[in-house]
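If you check Swiss-Prot, you get these features:
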- 28-48: transmembrane segment (TRANSMEM)
- 74-94: transmembrane segment (TRANSMEM)
- 99-119: transmembrane segment (TRANSMEM)
- 135-155: transmembrane segment (TRANSMEM)
- 167-187: transmembrane segment (TRANSMEM)
- 203-223: transmembrane segment (TRANSMEM)
- 236-256: transmembrane segment (TRANSMEM)
- 263-283: transmembrane segment (TRANSMEM)
- 288-308: transmembrane segment (TRANSMEM)
- 338-358: transmembrane segment (TRANSMEM)
Amino acid sequence: MLYNLLLPYIHNSHIANLFHYITFRSGLAVLVTLSLSFLIGPRLIKFLQTLQKYGQPIRLDGPESHQAKAGTPTMGGIMIILSSCFSTLLLADLTNKYIWITLFGFVSFSIIGFLDDYAKVTKNNHYGVKGKSKLLLQGIISLIVCILLEYTIDSPSHMLNVPFFKSLSMDLGYLYIFFAIFVIVGASNAVNLTDGLDGLATVPIALTAGSFALISYLVGNLIYSNYLQLTYLPNTGELTIFCASIVGSCLGFLWFNAQPAEVFMGDTGSLSLGGVLGIISVITKHEIVLGIVGGLFVIETISVIMQVYYFKATKGKRIFKMAPLHHHFEKSGWTESKVVIRFWIISLIFVLIGLSSLKLR
């Protein structure tokens, strides 16, 4: 909004001219979301405590240390969503179609998460909305996003680029839409599965969003994209501001979510954040890179899939003491803080590997 309001004065005012730069607006987005999180966080937590009689339901079969978390409110993802959306609307170019499509997906996935959290806190169990119903809703929203990208964006591409190779890409044709839906829904649920310990998912989400802030900026810049031999995608640079908003809001949320957490992100936050990262990876044509920089989310998801299939195949045996993987290490004697920090380090390693693909070709 500020960009659009100041646009006529960019060439006449040094201050207005600053808003012409995506880098300046992105840095400002981080500061705005951080400030908003600190401002609304305590009030939101108090409101959620009043609203939720029992707080986030705690699994009885989980690590014993988790029983101390009983009564902690959930739906804290509202803080992330409000601050990110406000910052994006304030600082991004509101004539940019990518911004509106991304915001649509972000808010839509947050509504699914909210309904899931609401069902959990009202019924006082951890089941929430049925899995098939949730997947169906996620699939519908992802399909709408793909249709919007297909018919509102100039020259939509169905190419799948393979990282670390200069010219290796595949034209999936209209099958790309199904692949994109898989990426978006998969990312949404992968982040949701990772969000099981205080602060565990928050930092990897921020790192992944930061990675795609850089990717969005590079592919949206003709000079940098040509230099790095990336597919040039005009107008995607504005997504840098949205990604920066997520980074700032996640860091602000971590202030309240660090162990011992005052509030949980809930599905309201995890489903929406994972979904929107999937959407941005599709827009920037870096879907496989999302699987690399978000490698921690992939590992957590694979651990659940392996556990479920092995349990069914062996009629009751388990590969891990508990899935997702972070619970396995808790059951093995690691403290929660050790699991969280070590997983953050692993996430950082994946991010560095993923970003190296931008240059190593």
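Cβ atoms are placed via backbone N, Cα and C, with glycine included.
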Residue numbers, six or more beyond the limits of the transmembrane segment (263-283), whose CB comes under 8 Å of its CB atoms: 41, 44-45, 48, 56, 72-81, 98, 101-102, 105-110, 112-114, 116-117, 128, 138, 141-142, 145-146, 149, 180, 183-192, 194-195, 201-202, 205, 208-209, 212, 216, 233, 236, 239, 242-243, 246, 250, 253, 256-257, 289-290, 294, 297
Same-chain residue ranges lying at least 6 outside the transmembrane segment (288-308) that approach it to Cβ under 8 Å: 160-163, 183, 186-187, 189-191, 193-194, 204, 207-208, 211-212, 215, 274, 277-278, 281, 318-320, 323-326, 328, 343, 346-347, 350-351, 353-355, 357
Surrounding residues of the transmembrane segment (135-155) on its own chain - C-beta under 8 Å, 6+ positions past either end: 97-98, 101, 104-105, 108-109, 112, 177, 180-181, 184-185, 188-189, 234, 271, 275, 278-279, 282-283
Touch test for the transmembrane segment (236-256) and the transmembrane segment (167-187), at least 3 Cβ pairs under 8 Å: no
Leading contact stretch, 74-94, 167-187, 203-223 vs the transmembrane segment (338-358) - CB distance under 8 Å: 203-223
Residue numbers, six or more beyond the limits of the transmembrane segment (203-223), whose CB comes under 8 Å of its CB atoms: 22-23, 26, 191, 194, 230-240, 243-244, 246-247, 250-251, 254, 273-274, 277, 280-281, 283-286, 289-290, 293-294, 296-297, 343-344, 347-348, 351, 354-355, 358
